[in-house]
Amino acid sequence: MEEKLAVSLQEALQEGDTRALREVLEEIHPQDLLALWDELKGEHRYVVLTLLPKAKAAEVLSHLSPEEQAEYLKTLPPWRLREILEELSLDDLADALQAVRKEDPAYFQRLKDLLDPRTRAEVEALARYEEDEAGGLMTPEYVAVREGMTVEEVLRFLRRAAPDAETIYYIYVVDEKGRLKGVLSLRDLIVADPRTRVAEIMNPKVVYVRTDTDQEEVARLMADYDFTVLPVVDEEGRLVGIVTVDDVLDVLEAEATEDIHKLGAVDVPDLVYSEAGPVALWLARVRWLVILILTGMVTSSILQGFESVLEAVTALAFYVPVLLGTGGNTGNQSATLIIRALATRDLDLRDWRRVFLKEMGVGLLLGLTLSFLLVGKVYWDGHPLLLPVVGVSLVLIVFFANLVGAMLPFLLRRLGVDPALVSNPLVATLSDVTGLLIYLSVARLLLEAV
């Protein structure tokens, strides 16, 4: 947003200048206002939503968090509520009402009463679907025609239907029972002879999803096919809605956030850091940290078991951090590559043997390369007795950690656990435990032979 416009908005709010504020709000783009939203005081946000042109107010509201949506829908005056609800697209309206329903079921019913009967029925139909499925993402505001219509008839129909449709770039063809039969683009219509029938120019090979298709699969299909719109059908193949690219972008952001949380063993996928308190953050992180520290306690037992070796050659302790850190980093690299390959379907569970053999070679090459560097450091430190110990240990640690990182995602997927949730933290912990065991075992074996 232009700095001048942002300053004007803040000044108008501070001074309570309603006329100046209306002028700024007429000019401002909803996305620019959203970028400034967190900087506005609570009472100023309320004023902005009250005075914004209704289309812009609906756009801003649709991009707020569910908690904020519920808050404003419960506090705005009835006349303003009605205006905003009428402007929201059906899918955004359903999402906003669901946010209120979770907070206050009684008020949710009052909001529904503000809707006309047709809109209320459509919103209730959308509310039956899970939020993370295609049915929860779709909007029923699509354009569908019959295959027996001519191009001229379709164009006349589009002129009437376009104002209420989410998009008219793609027109879907259905039979008399509403079952999806084909698709054609607006371009197809424009270049076709007006007397041509839809059945002659439509594409009968339609890529679609069902109402219960997971949102991540919906996003993947749209990305793979470069679609801006994807039709949604019910269990009988009847067209019930469309998913548009703007909804998929929100899904991709949510899925990316969820995956990043999982990689760090934070198992609250919808966590918003700026809105979470200390207790919520503690609950999101503590469970896996407890599990991992209990696993990591094995390392103290290993150290106690090799106490005599460490006492005999105290310099062994100097290289524990770099050995374990290198093993953990190697395992995490390997796990990240495999998790991503599984997520993008570059690999599936049947590929584990091929991956195992490939990563054996990769692990050996990495181990030899890194061992060469660390052995040089050991020599420089003046510990020639430890050269074979550190060199052999690092090769084995890296080799083993690389295999663990590559195979663990396959094992977790086989067990029905999301690999992204525990792979990296678990790989790091297992690498520490096994790395320490390898290092001290090699030390005992080689030093006793000297």
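Cβ coordinates come from backbone N, Cα and C, glycine included.
Feature list (source: Swiss-Prot):
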BINDING   E59, D226  Mg(2+) 1 binding site
BINDING   D91, D247  Mg(2+) 2 binding site
BINDING   D95, G136  Mg(2+) 3 binding site
BINDING   Y170, S185, R187, D188, V207  ATP binding site
BINDING   E216, E255  Mg(2+) 4 binding site
BINDING   A223, D226, D250  Mg(2+) 5 binding site
BINDING   E258, D259, D418  Mg(2+) 6 binding site
BINDING   E275, E311  Mn(2+) 1 binding site
BINDING   E275, E311  Ca(2+) binding site
BINDING   Q304, E307, H383  Mn(2+) 2 binding site
BINDING   A428, D432  Mg(2+) 7 binding site
DOMAIN    138-200  domain 'CBS 1'
DOMAIN    202-258  domain 'CBS 2'
TOPO_DOM  1-283  topological domain 'Cytoplasmic'
TOPO_DOM  307-315  topological domain 'Periplasmic'
TOPO_DOM  338-351  topological domain 'Cytoplasmic'
TOPO_DOM  382-385  topological domain 'Periplasmic'
TOPO_DOM  410-420  topological domain 'Cytoplasmic'
TOPO_DOM  444-450  topological domain 'Periplasmic'
TRANSMEM  284-306  transmembrane segment
TRANSMEM  316-337  transmembrane segment
TRANSMEM  352-381  transmembrane segment
TRANSMEM  386-409  transmembrane segment
TRANSMEM  421-443  transmembrane segment
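In this structure the C-alpha atoms belonging to E59 (Mg(2+) 1 binding site) and D432 (Mg(2+) 7 binding site) are separated by 50 Å. Secondary structure of the domain 'CBS 1' (138-200), assigned with DSSP and counted as helix (H, G, I), strand (E, B) and coil, comes to 23 helix, 18 strand, 22 coil. Candidate binding-site residues: D91, D95, D188, D226, D247. Fewest other C-beta atoms within 10 angstroms, D226. Shown for the topological domain 'Periplasmic' (382-385): DSSP residue counts in helix, strand and coil, namely 2 helix, 0 strand, 2 coil. On the backbone, the CA of D250 (Mg(2+) 5 binding site) and the CA of D91 (Mg(2+) 2 binding site) stand 13 Å apart. Long-range contacts of the transmembrane segment (386-409) within the same chain: residues 313, 315-316, 319, 323-324, 326-328, 330-339, 342, 352, 355-356, 359-360, 362-364, 366-368, 370-371, 374-375, 378-379, 419, 423, 426-427, 430-431, 434-435, 438-439, 442-443, 446-447, each at least 6 residues beyond the stretch ends and with a Cβ under 8 Å from a Cβ of the stretch. Farthest C-alpha pair in the ATP-binding residues Y170, S185, R187, D188, V207: 19 Å apart. Distant neighbours of the transmembrane segment (352-381): 315, 318-319, 322-323, 326, 330, 334, 338, 387, 390-392, 394-403, 406-407, 410; these residues of the same chain sit at least 6 beyond its ends, with a Cβ under 8 Å from one of its Cβ atoms. Long-range neighbours of the topological domain 'Cytoplasmic' (338-351) within the same chain, counting only residues 6 or more positions beyond its ends whose Cβ lies under 8 Å from a Cβ of the stretch, are 220, 259, 405-406, 409-410, 413-414, 419-420, 423. Sequence-distant neighbours of G136 (Mg(2+) 3 binding site) (same chain, 6+ apart, CB under 8 A from its CB) are L126, Y129, E130, Q215. When the C-alpha distances from E216 (Mg(2+) 4 binding site) to the binding-site residues D188, H383, D432 are tabulated, the minimum falls on D188. Following the DSSP three-state reduction, the secondary structure of D226 (Mg(2+) 1 binding site) is coil. In the structure shown, across all protein chains, D432 is the one of the binding-site residues E59, E216, D250, D432 with the greatest number of other Cβ atoms within 10 Å. Across the topological domain 'Cytoplasmic' (410-420), DSSP helix (H, G, I), strand (E, B) and coil residues number 7 helix, 0 strand, 4 coil.
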